Amino acid sequence: MASQVRLRLLPSARCLFDEPIQVKVAGLRSRQVVSLRASSTDDKGTVFSSAATYRANGNGEIDLKRDPSLSGSYVGVEPMGLLWSMTPDSLHKRLQKINALNPSMVKFSVHEEAGEGRILAEATNERILMGDGVIRVPIKEGNIRGVLFTPPGRGPFPAVLDLYTFGGGLSEKRASLLASRGFLVLTVALYGHDDLPKNIKEIHLDYLEEAVEFLKKLTKGSSKKVGVISLSKSGDLALSVASYLPDVEATVWINGCSANVALPLYYKKRQIHSALMFDLKKVIPTESGAFNTKYVLNNPLAEENKGSLIPIERAKGHFLFVASEDDLNWDSKAYVDEMVERLKRHGKEKFESVSYPGAGHYLEPPYGPYCPSSFHGVLGKPVLWGGEPKSHAAAEVHMWKKIQDFLRNHLSSDAAQNRAKL
């Protein structure tokens, strides 16, 4: 009996991390109830897993695109539910993919619902972070420490600086996936990587300027414009890059702040922004051991904090503001509302914004496990990120396409030529 059951992953068992797959089971008994499970181990050894109960149709088949989960990690028709609903085997862990050369391996299995849950069929999904032909080169040039991802083909490619997030070290996942979609992407570390200091007390915009200039040298063709993509603390760094440096044509700000947070910002040996600080008395503990920090940050609009507010009205390029309405790290939506109002007041129109109800702070490329809480680099303790798994997963799918469309629209050489004609 067990050998007849087949588990298929379509269109292929190997795909990019940000691509959906179709999970199908055949060879079951008519109306048989089974458990479908998924598990994956990240680069730090944390095991993520999910399980959902399904009933086969009259032909003994299950199709996750068509059939609802009856119970388990999620319910209803959710074709990618087994992936986004995976939870870690220990509290406050986020899926860590450190090196883009290592694919994410997900084991899918079908189990008898009764008894010991005997395995009836299994299949492995290899979710790669780098598309075929993408070139990965570690960069150690001047002060820059990072990794450059170049798509296959002759180019020119739209060039993007990926600032990812704050917490030391380097993250390659988003950069390598963007390169797999046709972007030339440099992701840089601020500290805690290679020969950079373990910790920092200030940030120098000159370092990010060096990274922007490095990318501009690599862009072939007429357009020397670059884009910037960020998340969380790096959101305000992206705003500063867009406001102070030339040739930054497109800036993606994801769940950041409108002011310079936590560390003073210097440029050409002079402090240009003070640090907006936290009131740790406003941290709310929760039963899980993680903290709610939504209202911990001081008000950037208060007179004493005006030195931290970034003058985005000076920016020449375009902004895409992405906010999660259930962000518990801080009130991203309020910061977007303030920035939009300020840009309008200055007669600026080069911006668009999108906000997602039910989504949490950590918006990443889609189909990874939703992360409710993990260690916070600045606070040094676990925090709640907010959101609800299903809404958060849907937001990531929508956002990922929107980001690529935005960057392509403003950075591709065709876009530059069309603007010149206008």
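Cβ coordinates come from backbone N, Cα and C, glycine included.
Database features, via TrEMBL:
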ACT_SITE  SER232  active site, charge relay system
ACT_SITE  ASP327  active site, charge relay system
ACT_SITE  HIS361  active site, charge relay system
DOMAIN    203-412  domain 'BAAT/Acyl-CoA thioester hydrolase C-terminal'
Pop the Cα-Cα gap between ASP327 (active site, charge relay system) and HIS361 (active site, charge relay system) into the table, whole Å please.
5
Quick one: Cα separation, ASP327 (active site, charge relay system) versus SER232 (active site, charge relay system), in Å?
10
Hey, what's the Cβ neighbour count for SER232 (active site, charge relay system) at 10 Å?
27
Using a 10 Å cut-off, grab the number of neighbouring Cβ atoms around the Cβ of HIS361 (active site, charge relay system), all chains included.
26
Summarise the model confidence on the domain 'BAAT/Acyl-CoA thioester hydrolase C-terminal' (203-412) as a single mean pLDDT, whole number.
96
Can you tell me how many other Cβ atoms are located within 10 Å of the Cβ belonging to ASP327 (active site, charge relay system)?
26
